[in-house]
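Trainee: Got these off Swiss-Prot a minute ago, pasting:
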type: ACT_SITE; residues: His25; note: active site, proton acceptor
type: BINDING; residues: Arg21, Asp22, Ser175, His204, Tyr295; note: substrate binding site
type: BINDING; residues: Asp22, His204, His206; note: Mn(2+) binding site
type: DOMAIN; residues: 13-265; note: domain 'Pyruvate carboxyltransferase'
type: SITE; residues: Arg21; note: site 'Transition state stabilizer'
Amino acid sequence: MTTDIFFNPMWDVRLTDTSLRDGSHHKRHQFTKDEVQAIVAALDVAGVPVIEVTHGDGLGGSSFNYGFSKTPEQELIKLAAETAKEAKIAFLMLPGVGTKEDIKEAQNNGGSICRIATHCTEADVSIQHFGLARELGLETVGFLMMSHTIPPEKLAQQARIMADAGCQCVYVVDSAGALVLEGVRDRVAALVAELGDDAQVGFHGHENLGLGVANSVEAVRAGAKQIDGSCRRFGAGAGNAPVEALIGVFDKIGVKTGIDFFDIADAAEEVVAPAMPAECLLDRNALIMGYSGVYSSFLKHAIRQSERYGVPAHQLLHRAGQRKLIGGQEDQLIDIALEIKREQESGAAAAR
């Protein structure tokens with residue numbers, strides 16, 4: 001079964017709001033049904049075309065390793081689909097975390113866009129999942145996470161694997177918020193050149209170096225047709241590119257999205273902000289993640305281990321970057337914390 005990409009000919013770019021997925025990291029996966037319903041309704045009124053809803057780590061992510069959801073994600077997907085009048089509901093899945101059965105259940109609950117994420121060198125593990133999603137008639141999007149870690153030409157080769165498997169849009173995903181302007185431009189351009197008309201190209205940014213909006217503009221100018229953001233930067237680390245700022249900038253440079261600037265600003269201020277446990281901050285921890293290239297969802301895990309072992313979170317994050325840890329290796333923060341703790345104790349003993 002084939003499915004067309006949901007893309008209004010009046011748009012230059014399709015925007016996906018990921019507050020209810022990436023924001024789940026910041027909220028420690030504690031969304032309530034009332035919050036999801038209110039946020040979806042507000043985004044829908046503003047004209048946001050795609051709203052992503054799942055556990056922060058995708059389908060099946062509710063676990064001891066990643067953190068348990070307050071409300072089962074499939075219930076939230078169903079509620080979001082019932083609430084949205086115009087917007088499509090997307091869901092994320094990571095092979096090895098989610099399963100084919102999870103994809104089928106998400107579709108049955110009203111999800112219509114399946115976004116499949118792998119580390120940027122492991123696109124081949126997504127092949128069977130893209131095949132299933134296309135058979136089911138789902139629109140497909142591929143995420144090449146931690147895209148800053150390999151050069152553009154290598155990233156393009158991985159994008160080709162996804163496109164050949166049935167992916168209709170491959171994203172350059174700056175999971176660490178580590179890419180700087182031309183780093184985004186070169187990677188997006190490489191994917192556009194490789195994929196041609198076979199698939200669109202997208203960009204997912206984080207604010208860890210304060211460049212989420214600027215990097216998204218670079219991506220669009222390099223040929224990206226899909227862009228991610230989160231209202232109020234509601235996402236992992238310092239958060240994602242704020243949708244309300246993206247729309248303001250896109251309006252000013254003539255990039256059409258179909259989203260009303262004033263309505264999305266209202267949604268961010270009046271509906272999304274009250275659901276946030278705190279603002280997403282560009283603080284020392286977030287900056288270290290962007291500077292050292294650390295997966296943004298490590299932030300809350302690092303803070304937890306910092307409190308548990310009495311070591312600085314920013315040091316944990318810096319060493320995670322030095323070790324080139326990727327998503328799924330959050331448990332190694334415990335080893336790093338113990339290492340720093342031993343160093344502190346030996347240093348204190350030597351000083352006596």
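Keep in mind that glycine also has a Cβ here, set from the backbone N, Cα and C atoms.
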Trainee: In which DSSP state, out of helix, strand and coil, do we find His206 (Mn(2+) binding site)?
Mentor: strand
Trainee: I'm trying to understand the geometry here, so how far is the Cα atom of Tyr295 (substrate binding site) from the Cα atom of His206 (Mn(2+) binding site), in Å to the nearest whole number?
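Mentor: Rounded to a whole number, the Cα-Cα distance is 10 Å.
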Trainee: What mean pLDDT does the predicted model reach across the domain 'Pyruvate carboxyltransferase' (13-265)?
Mentor: 96
Trainee: Could you round the CA separation between His206 (Mn(2+) binding site) and Ser175 (substrate binding site) to a whole angstrom and send it over?
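Mentor: Distance (Cα to Cα, whole Å): 7 Å.
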Trainee: With a radius of 8 angstroms around the mean position of the C-beta atoms of Arg21, Asp22, Ser175, His204, Tyr295, what other residues of the same chain does the substrate site pick up?
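Mentor: For the substrate site, the extra neighbours are Thr18, His25, Phe143, Met145, Val173, His206, Gly235, Ala236, Asn240, Ser296, Ser297.
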Trainee: Mind giving me a neighbour count for His206 (Mn(2+) binding site)? Other Cβ atoms within 10 Å of its Cβ, every protein chain shown.
Mentor: 32
Trainee: Which ones in the same chain are close to Ser175 (substrate binding site), with CB under 8 Å and 6+ residues apart in sequence?
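Mentor: Same-chain residues close to Ser175 (substrate binding site) (Cβ under 8 Å, separated by 6 or more) are Met145, Met146, Ser147, His204, His206, Tyr295, Ser296, Gly327.
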Trainee: If you take the centroid of the Cβ atoms of Asp22, His204, His206, the listed Mn(2+) site, which other residues of that chain have their Cβ within 8 Å of it?
Mentor: Thr18, Val173, Asp174, Ser175, Gly177, Gly205, Gly212, Asp228, Ser230, Gly235, Ala236, Gly239, Asn240, Ala241, Ser296
